[in-house]
């Protein structure tokens, strides 16, 4: 349309027209279209990005938790003939860096070989006395590397393998060697010089120290020798002190002898499936305590301690595997008790090799199957055919990354192992577990300790119970207050007061929980402890006092001045006054009814009272939850269509009847969703429970005891754990559980709320 | 009575009581924090009292009364006071802050009123705030300079001489700190940079000539820094020597005399001889110090400036990240996404994420941001510094990012609400005039929805400022040696750890060795945090209310 105006204008002026020409307009239109498109794409990308980032939370948490579910994987790496086959094989070891294998053989040789190829790196021959031969062999707990050879002349040789590490040119070089912790000379265990048929050696390093050697001679005597060594600081010379006792109460056909690390218990298996338990804590009173039919008709073909030498793993000729340990009964007697079974192999168990730092073990059987099992969780992580011939020996490295499998045909297999999280299983986390040293199965959360041999206790039950306990008491406090308050604010209160109450409740919601937690822990907890009667009388008598005041008020002529809807304001001074009276009266109540101290009275009647307890958490967390419930419930009640209530009132119902008969039934889904939201908040709250409880993972609902919740547990333990460890992943699992739980609860609440809104608009 | 019950009005009263109780709790809580928090700075009088013990011995104690408490006699008897007469049911005891932790080792103690003499308020009782060992309470004996007594309390100019000397030592202290923090700090940063240069050189493996050159440069640089350091060291030693010139001799309540070097003194006051105005002045001074000074004595004394600064910086960085993404996501959900089932699910999910426990975000932040992203960044960009992690460890950036994720739903919900409130007539009007969708959006709708976005952002800030649980995992520490913003390049150090008001409350209140000594400071810190959050929320509420008015008029 510009063209119709322009013809009269001279060509020179035409370009100076203020209106854009076609080309410019086209350009402009393109530019605008481009901008529109860019804006659309940009916003869509950002929108997707945000949704993706939020979805990422789920995905990532699951990704971190996922490895828990995986079993073990074994990947064969190499396969070669055993380095030494001329003499009978005794024992196989794989060292810490998974580089060297160690083989003990019955000709007194120790062979260090490359685990990758089987090439011999170093060989040591033990210095045997003339005209003797090795008649028995034992090793103490593998991590110490101590082994002992029993000789035909009643002597034994104790050795230890060790490694020197050096890093020339930043490369690790391991130089193996053999040490003699008790001196190079053989120790004369049997003064009669009889051959030693069975042997067990163990050393204590803690306390007074010392070693115990148990030996069974060919003429069926059990000789216990206690050795204490002292190294002279000046000369470096080692002198040994020995004490000996001989027992004759020896099983007919002993097969294997095991001595625990505390030097208290000795176990001897025989060829009938029995385990004979000896108490050797004091040599002078050493005796046989009991003979247990552990095999139950089957022969015990393999037995070994788990790390820490508390639990025995027993393998039978039918391939059954079970765990046993000593349990103390009411009479303070220790009984060897069958704790749990593992998945059975199909053939006789030939060898059991414990892991070094965890309660797991490898088991090999006569069919060539390799089993990887774990004590605490009773999990079988791997059970597959590993060799064509029966398995003769197994070795695992200290870091559980590589294994050696030796079969009957003297073929040695090297395989890498992935077995990161055997401790965790559904039953280990949610069922009662019988932990070592406990009298009965129990729910325990105790994730770490100073010792390597510690059995991690990852029961999520105490934490879940604690979470529910905290949420329960918080809801108990918050629900009546918030719902009653919401109904009153939405339906009865004057708009003037409502304009003050609503923002105040919003402020209440915004208060940082760290402040609530700190007040609960540092102010409320000591206050409640000092004024227990005041707290109880206040909460129990307060409603009565309110009703009393309301009744008196209804009789007063004064009530005409104050219109309806101001009841809350009138009650505020009553509550304050009554609270004050309660505090003043508190010590007198203690003197009159509780012998001067209510807290002491609780202790006397057998109720545990912690200063920071569920009562405090209930009040503090209730405070945090009230605004959540209040806002949503108030909204639901307030938006009940007016014509419904007006109809009810017009039919002659009182205001309260209208509330009970019309308002609450209509708004109940909204109130329910408010409660759900409040519950979701109470379940995940961290700081309040962290600060207002003692954080002890107990399993009970006592209002005067503390608890430890999932969220507080994460806050306390996550900064301390090793990245990628089982403990780390359990904490991620706890976070995932919290996320899923609150997400589901909130979603249900939100859906109910949206339905309700749709219903209101239809009414 | 029966009729009254039947009318239902008792239940209405009970419901009203619930509201009243909630209101009392809110007001009471804020009031409690305000009273305790503000009260902390008011100079308390120092009492001196003689106590006769049950065995007849006498003891004089001096200090501030923290609080009296009335307990039942039975509790006191359980606590070891067997001398309480039979007829007595209740007994009052006083908690006394008697300071002098280095001398007596119990700086807080309860004393029963039994056998207590009259409270005295000696005019010359001094409260000395020290850099170490907390407060000292006592009466002055003399001021000593280089071994000679220069002033006695009896002399009229004693107080002014003392204050003069203290001001001098404070000035010296400030100078020393300036040198240590400023110049030596910068020198350390340079030395660290040189070390990294050297390490980088090794990783890069350049030609021999280049390597030699570079190594030479580094060695020269290092030598220069060492020389500079030696000069500074001498200067510092001189200053330190100078601060040790004056000593104040004080007498404790048990008549022992103690020498206190002025180098360790922060402030000397004599509250008993102060007028109300003097106390008010002192109050403002202490309040100011609290807000602007660094913490002392494992955070139980001094100020909270690093915590305030850390909180503000973190919230600031978080806002920069959360605002654009939150707003864009909300615009997408409301304006661009097809309003189908999928969008509904996404919307509900986003809303629900606002209700997910904050610790879950912390766990995610630690695992994903710190270990995964941070670890990758370190490998790519900060290889030289490894194995010391730069971003692979909790820090400001990760804390802000985690909180941004946490507050994203708040911003989205608020912005969406704002967009939904805009009458469709306005939108249609703009489109009818030929504007494209993006023009309508950016020139008409977004400006109208700005207040809603502001509300969302303010609520997000308020939430972030008060959140502690996730921060414990992703970057907040009890004592950060440096602020996250300073004069060294790149000025904002996103990898540094920060202090935070909320965490400060948790740490000082629950992890400090002396809970009693820390308590007033926790209340004061809580007050600062509550004020910050209440102000932010009230602002948000008022903006929202004004917004509603505006749309009411727009839609009419």
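Using N, Cα and C of the backbone, Cβ positions are placed for all residues, glycine too.
Values in this document were obtained by computation on a predicted structure and should not be read as measured data.
Among the ranges B:12-35, B:36-59, the stretch that TrEMBL annotates as transmembrane segment is B:12-35. Taking TrEMBL as the reference, the stretch among B:498-520, B:521-543 described by the feature transmembrane segment is residues B:521-543. Within the listed segments B:397-420, B:469-492, TrEMBL records transmembrane segment for the stretch B:397-420.
The transmembrane segment (B:441-462) and the transmembrane segment (B:12-35) are not in contact, since fewer than 3 Cβ pairs between them lie under 8 Å (pairs 6 or more apart in sequence). Listed by sequence, the residues of this chain that lie at least six past the ends of the transmembrane segment (B:397-420) yet keep a Cβ under 8 A from its Cβ atoms are 314-315, 317-318, 321-323, 325-327, 329-331, 333-335, 347, 350-354, 358, 361-362, 364-365, 369-370, 374, 391, 445, 449, 451-453, 455-457, 459-461, 463-464, 467, 470-471, 474-476, 494-495, 498, 547. Long-range Cβ contacts of the transmembrane segment (B:12-35) within its own chain (Cβ-Cβ under 8 Å, at least 6 residues beyond either end) map to 523, 526-527, 530, 534.
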